[in-house]
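Straight from Swiss-Prot, the features:
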- Arg111, Asp148: substrate binding site (BINDING)
Amino acid sequence: MSAMDLSSLQTVIDTAFDNRDTITLSTKGEVRDAVEQSLALLDQGKVRVATRGEDGQWTVHQWLKKAVLLSFRLNDMEVVKGGPGASTWWDKVPSKFEGWGENQFRAAGFRAVPNAVVRHSAFIAPNAILMPSFVNLGAYVGEGTMVDTWATVGSCAQIGRHVHLSGGVGIGGVLEPMQAGPTIIEDNCFIGARSEVVEGCIIREGAVLGMGVYIGKSTKIIDRATGEVMYGEVPPYSVVVAGSMPSPNTMPNGLPAPSLYCAVIVKRVDAQTRSKTGINELLRD
């Protein structure tokens with residue numbers, strides 16, 4: 001079958017997903033071809049699960065998430081070779097690097113340190129660096145970004161250009177529920193060691209998260225200067241650290257009620273200051 005245009009791909013994928021209970025390992029023809037082509041386009045970075053408009057708003061292309069989900073119904077489990085000591089794995093998603101040699105790595109233009117795992121349909125842009133880390137299917141990692149040791153980039157997560165994901169960082173994946181958007185880290189962000197950003201939250205351009213900051217949809221993000229409380233999105237060029245919110249309540253035993261975790265914006269800087277100032281200096285109170 002010849003390659004379909006994006007509009008045709010979307011139509012086939014949407015229809016197949018609406019009838020997904022009929023999709024099995026034996027499904028052939030147009031549906032299988034459309035899913036495989038969609039995943040190949042994701043893998044090559046020619047399409048993305050989410051794209052940013054000129055107004056800064058992100059548009060989620062749900063049909064591409066549907067293509068990823070349909071691939072699980074279409075593909076059987078199989079032995080994956082290549083482990084140390086001739087060990088193997090058991091999965092239905094191949095490695096992005098399956099069959100790659102020197103020519104493919106040079107053409108792709110990024111570094112992949114031994115034990116970096118990237119699943120097929122994830123895109124890694126040129127000049128990115130992958131330390132021993134994990135990038136799940138449908139994700140996008142931008143140019144010049146560092147994915148440090150034991151960091152994980154979840155399914156369909158969108159990581160911008162020149163981002164630093166420090167050691168042990170977790171960027172959550174969002175495939176389901178279908179209406180949920182992916183977790184997004186915009187350009188030039190720094191995410192401190194062991195931090196977690198999940199549940200489709202957005203970290204806007206140039207923001208800095210200190211070590212051990214956890215942000216989900218229900219996490220209070222408090223601007224210390226104004227008292228503003230926000231959820232799900234860190235504003236551009238914000239410097240954020242882990243904090244706690246005192247409770248106004250008293251427990252029955254007369255003691256103050258426990259404080260609850262929050263993320264605190266300790267300052268906001270402009271792009272010029274962000275580019276000229278070291279991360280540690282920004283995080284000092």
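We count from 1, first residue shown onward.
Backbone N, Cα and C atoms are what each Cβ position is placed from, and that goes for glycine too.
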Cβ packing number for Asp148 (substrate binding site), 10 Å threshold: 18
DSSP state at Arg111 (substrate binding site), helix/strand/coil: strand
Other C-beta atoms that fall within 10 angstroms of the C-beta of Arg111 (substrate binding site): 14
Assigned element (helix, strand, coil) containing Asp148 (substrate binding site), judged by DSSP: coil
